[in-house]
């Protein structure tokens, strides 16, 4: 076999650092490569086998919190600092770490299994000895890989050959960009012409060249149309490609940023509170030593006091919060109102309760990406959904009259004439829509008829339309519904079927595909029956207005249809004489062969045709919104969340959807930011925008880049004041940059919602990423922290689950702090009464039992508490607004809890000291029992809505304590407990410590009730 090589400049490298170096790829001979390339493995894990333990431990001990406990536990190995049994310090720490390590390990293993599934997919590789099976992870640069229909493309490849008769293939890119439309790809011509797919062995110069070392050598240019990106799925036929890039050099991998470990704002706040508590701990220890007048080895005394009061910082706080997060995740998963919701990152559910900015993708997230044909407008008459049968009758009359017109008709009446002209106008418009597109009908066997038979018979039930845009499919399906059916198409011809079952044949002479610069597509066809050559064209109203003949209705009607949220296309035609076309073709071929300014010359030649075209009609297609998008956005707006829409779509479409989804309310102005290219223009445009008040901003990605380059601070300041912002034509990395800027500028929490691979970097960058699992594949939902099945579930996820998680965690953390401060206050009182001795009040098991068996369940049952029913939370999103200020956990609430702890701790201790008679053991018994009862009563005081599990937890804890008294005879005198004097002393102390708080709570509910209580009464 002759050998070919492919020299490929890194024109594919649109992003990522590093110098772009050309590479030469020998087809089917990976061993001839001149440098080493990365392995073709996909890896989404945070750690590997060796870094797992060190990584997890480092992430744990970088919290001030856990490091402190580690040092504390280690200090117990020094005899002078020993304060009781070792297990009192090591068991809690070991438990905390075990919980964390197990949770991380489970997440890592899940990730590993998902990656392994992708990496071990099997493909066929072409070699000189025939085909061999190869795993995706073993594919190398230069391999010739066969990809079957519906198989994922394993690496970035150049498309060499297809099994399709028309010599092209379609790709589904929904995994990459969330768009459900299919992209057309063309193989390299000289390999497609080869007789069989023999493994042969390509030189890509500036924009890729393909060189065949035959005699004479053949060179061919490569363009984006010859590429198959990794992650796309082949939608038609079997393709053969040569691998160009693998592993971490894949385009999709270089376009996504590394996932960061997200730490919730709530965790940072709790961490901050523990630092304050640590400060208090040091101060208390110093005061104790100072009161001893720094006698003797006072530095050892300081350390002993530090250990003695170490309870001030509760070790159980971390465990409680972590277990709480697991409960919230479980509750979210079990919620029947939002089925299919998955929590992938269980560390940040509290973030959901404080979102200030929501950044959402458009295609597939807010819209279904399903097009419906809504309106045909002919200037004097418009047809809506309800009057499509009229269009059908016009088409029918044209084709039936053509077949049975008597040759001599004496003076037709006026009405038939008007009817005839109307019918022919409708017919011309429908024919233009049926011909001007890039759609291919494909026939699949349906069990009754096989594929070949269906193709021959043009079987309706087996036909599927393939196209690169859902708009086009919607238009062709509509022409089918009114009687003109596209039944066949290859690269050079097209067949339409009329209502009378005739087949009309058209030869495709030229196609000018749609590009984002030209905003239009054209096609030149020859009608086989008459030999007429017609140039059809459709495009956006902005460009078509200058191409069609003068008329007075185009601009106005386009505006009207756009306001209804329709995507408008203008359709026009021009009849060409044979010599006119021949002259055009000669110039066109000449322009395509030029090396310099090729695209400019080609465009100029095409533009010579695009003049004085006859305007046929406007079509209006609607991209249907997802279910309940409007009420959900309304809810989010009322909750004080600002919604930004970041999309890769066109400006017109994005504005359309924004109005349609009521992202921009009816009475709001929209300021469309003009396209700016330099500093001066940006300055002028920003000043124009500053003069407007309360209006939504629509800006394109290019203008955004210029603004952020020169006026980042000013732009973000203005944008943050807008009620809504729409950014169109955004690159994936740009979406992530906007999220990052919002976080830095405002310091508020952001939530990103998306559904395609192009939203992954924005989802990972945001404080809280939500993936919508739709027909766009799973890439976004796998990278997200939370994955939902529909956009409307977002409302409940934030308003109910986010709000509850945050409020519960705030209550739980402060209660755990209160629990440990109580016992520390008692220790302080005890030490100061007994001449500042560093002697522990409670020994060994009592300390561990206090924060575990005796009070753990009731305190933890606070995670089931809720202040209002979920229906109320959904009905009054304003309740969510209260949380944005961070009131449930603030320095004020923290201080209140500290004061309560000091009051209760000192009451119990002084009470016990006053009422005890002879033995020291009695102090321990009285104070410890009162302390347990106080804690249980305080939990009851904090709870807002009782759940049966809370009652069980309270009673169970009390029972555990009473039962365990039998085993604790070394600390507590069992005979003393059974006496009446013990019971009345405990009752009095507990009443004194709890009653005032119950009274205060009642008065507060009476005279300044919180907002939610007004809704529950």
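Keep in mind that glycine also has a Cβ here, set from the backbone N, Cα and C atoms.
Ranges compared are 842-864, 865-887, and TrEMBL records transmembrane segment for 842-864. With a cut-off of 8 Å between Cβ atoms, the residues of this chain six or more beyond the transmembrane segment (894-914) that come close are 273, 276, 814-815, 817-818, 821-826, 828-830, 833, 923, 926-927, 930-931, 934, 938, 985, 988-989, 992-994, 996-997. Here the binding-site residues are 567, 729, and the one with the most other Cβ atoms within 10 Å of its Cβ is 567. One residue stands out among the binding-site residues 361, 755 for having the most other Cβ atoms within 10 Å of its Cβ: 755. Separating the Cα atoms of residue 758 (ATP binding site) and residue 363 (Mg(2+) binding site) is a whole-number distance of 11 Å.
Only residues 6 or more beyond the boundaries of the transmembrane segment (948-968), in the same chain, are considered here, and those with a CB under 8 A from a CB of the stretch are 845-846, 849, 853-858, 860-861, 864-865, 929, 932, 936, 939-940, 974, 977. Candidate binding-site residues: 514, 567, 648, 729. Nearest to residue 363 (Mg(2+) binding site) by Cα distance: 648.
Sequence-distant neighbours of residue 514 (ATP binding site) (same chain, 6+ residues apart, CB-CB distance under 8 A): 438, 469, 520, 521, 539. Cβ neighbour counts within 10 Å, taken over all protein chains shown, single out 759 as the most crowded of the binding-site residues 648, 759. Looking at the domain 'P-type ATPase C-terminal' (782-1009) alone, the prediction's average pLDDT is 88.
At the 8 Å Cβ threshold, with sequence separation of at least 6, the transmembrane segment (49-71) comes into contact with the transmembrane segment (298-317) through 3 or more pairs. Residue environment of residue 363 (Mg(2+) binding site) contains 28 other Cβ atoms, counted within 10 Å of its Cβ in all protein chains.
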